[in-house]
Amino acid sequence: MADDSAQSLKPGALLAAMRQKNPLVQNITNFVAMNIAANVMLAAGASPAMVHSPEEAAEFAGIAAALTVNIGTLSPDFFDGMKQAAEAASEAGKPWILDPVAHFATAYRRAAVSALLEHRPTVIRGNASEIITLAGEHASGQGVDSGDSVASAQAAARALAIRHGCVVAVTGERDFVTDGHRAVHVLGGSALMPKVTALGCSLTCVIGGFAATMPDKPFEATVAALALFASAGELAGRDAHAPGSFAVRFLDLLAEVTPDAVDAVARVIPA
Amino acid sequence: MADDSAQSLKPGALLAAMRQKNPLVQNITNFVAMNIAANVMLAAGASPAMVHSPEEAAEFAGIAAALTVNIGTLSPDFFDGMKQAAEAASEAGKPWILDPVAHFATAYRRAAVSALLEHRPTVIRGNASEIITLAGEHASGQGVDSGDSVASAQAAARALAIRHGCVVAVTGERDFVTDGHRAVHVLGGSALMPKVTALGCSLTCVIGGFAATMPDKPFEATVAALALFASAGELAGRDAHAPGSFAVRFLDLLAEVTPDAVDAVARVIPA
Amino acid sequence: MADDSAQSLKPGALLAAMRQKNPLVQNITNFVAMNIAANVMLAAGASPAMVHSPEEAAEFAGIAAALTVNIGTLSPDFFDGMKQAAEAASEAGKPWILDPVAHFATAYRRAAVSALLEHRPTVIRGNASEIITLAGEHASGQGVDSGDSVASAQAAARALAIRHGCVVAVTGERDFVTDGHRAVHVLGGSALMPKVTALGCSLTCVIGGFAATMPDKPFEATVAALALFASAGELAGRDAHAPGSFAVRFLDLLAEVTPDAVDAVARVIPA
């Protein structure tokens, strides 16, 4: 099929498709990320809705084309909304993305992520420490920052992808994406990206935007989201050299970057 | 009276009056909007306070000069605070502004807005889909975005204003404001404004600032707030061409724009 | 000891030490501040974690090197988390910083701050109105803004510092820091700083970063945090003249300012 050709699944083409569709994505994310994640999604070409309350989260999951769940500032009310929305999305066959922020830090987070995994996320995105510990291994993260390299998380990512039948993305200096069988690196970005809070959380939401655009291609959707960030980040890093101005330029570039520029700047290579 | 002359009720004069008074406005708004709305109010010349908890929302409504309520990320605790604050503001004769974000999307939101309307808001601000559905008609919005044109919402806005005895503002490419009898369009702005999240929510808070400055003139106050946004947005759009830099320039211009520039750039025309 | 020499306790040297250590700081702050405070800490060289839920706040206080507590958008759940985290930090001998935002405005806030003070904060930071009322005197603040000058709060700050055995910082045009015995002014900054929401809240978090770096020197840590803000603010004010661009430039300068520039630009003088 034409849609399955290598050309039409390149990140640039998928970005064009997302901008065309402007999919509605429900994001249950943390208080730090809510504003920047919404701005990132609008710039990238998706329509974000932050709807978390147990009173409506499942109903809204029936309206949105995809769901993202991020446990960054977890609390019982948000957790109830997350579970209900994840269950509703899963039952409706809609993609949902899990961002297990610092799940290894406390017992509460570990239990929450275990419960969320039962609803079979389509994609898991985390930093190296988060992915390593999610696979049951020992990591060296501090707080919400990763103490491990992406390279050291590759085996854990593959194991996790196979165990849960999902795509796993490990992001950092050199991103790694696998569905347990295929695997690629996505290169690009800027050293300033971890200096802007919640860009990783925002990326999780953007994966939701791409997954909503091509729900049966979560591997390609995830790679496209990472390539968009890698290219916009790399281009922004050429113009801005400190975190405040970098964040502004990065938002601009998420909107300005062309599909061709995404394919030219981000390097997607087999792992 | 001199204060009622057409000249002194022009948006520029009202902006000068608000900056002079620097009114304290209580905002119960959503998590996405809280930071940008506070920055927008500070830049415009009002003093924002985000106080939502049922433990203190009504008490604080007795201190503030106006109240704004936005259901963007509604939850039961916030809803309780909203109802108590709206009741306190209403009983004290203070203006309060309702922003019924995506109230048509879920049963929970519809019920919440119905309950809030019982406390007689002074102004309702929404996009076209929100106003159309609030008036009981069928709309085509998706998530928090409007699927309808402002023009298609004018009749609904007039009906709503008469039914609730309030001012209704429909914002979009071509804003429309009515109190059921008078009606104007406010023109200006930039196509980038909907690409910055929560600018509409922030505008609701700014309406609160103007209404606090002239509590017996909610129609003129609302028009002035929209004219401020229209002029700052249009001027920002001349300097910035992507959402990140536009948001920065827009904030600058809210502080920098002179009363004369507001009157010169924003077009307020009879509807 | 070398570490106690005047030279090594100058703000610039302490900034270098904080950047070297990159301490993990738990912040229980308000919804307006969460994003900007995290960005400020990352730019300054600390590692922020926003963890507030009673289910994990105390456990996380055992992991973090310092804690900051800010009552800006107080609610019962956050308050429970604050008390548990403050107790855990206090018992573990870790520094914790209290920001009693507008505590004089409502009965709920007054009671909350009284309860938090029982856990013996290491540092209290507030504006003049907050410090004056915390010492039991009458102030003239409105909402979250101070209606009093820093000079008028000095005696209250000294009394408060002695009563609670802590450092007290009064910030405004001319900052004042005391531990009840020593006292200094920190000069610098920009008139635009109060036009950017939550910069004071963000400063509280940065005090946490310095206190985590030198937990037995809370007076010097507090002065260093204020000096960093004073220098970055003053330098940003030379480049930017409106609140949107000022906020961006300020974030850049928090990352770019050298230890020598902090010592050269901020004036720390005996009070």
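FYI, residue positions are counted from 1 along the chain as it appears here.
Glycine residues also receive a Cβ, built from the backbone N, Cα and C atoms like all the rest.
All TrEMBL annotations are machine predictions without curation.
So that you can see what the record holds, here are the features copied from TrEMBL:
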type	residues	note
BINDING	A:M50, A:A198	substrate binding site
BINDING	A:R125, A:T171	ATP binding site
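Reduced to three states, the DSSP call for A:R125 (ATP binding site) is strand.
In this entry, A:A198 stand out among the binding-site residues A:M50, A:R125, A:T171, A:A198 as having a C-beta under 8 A from a C-beta of chain C. Filtering the binding-site residues A:M50, A:R125, A:T171, A:A198 for a Cβ under 8 angstroms from any Cβ of chain B leaves A:M50, in order along the sequence.
A gap of 13 Å separates the Cα atoms of A:A198 (substrate binding site) and A:R125 (ATP binding site). Taking the Cβ of A:M50 (substrate binding site) as reference, residues of its chain lying under 8 Å away and at least six apart in sequence are, in sequence order, A:Q26, A:N27, A:I28, A:T29, A:M34, A:A38. Residue environment of A:T171 (ATP binding site) contains 28 other Cβ atoms, counted within 10 Å of its Cβ in all protein chains.
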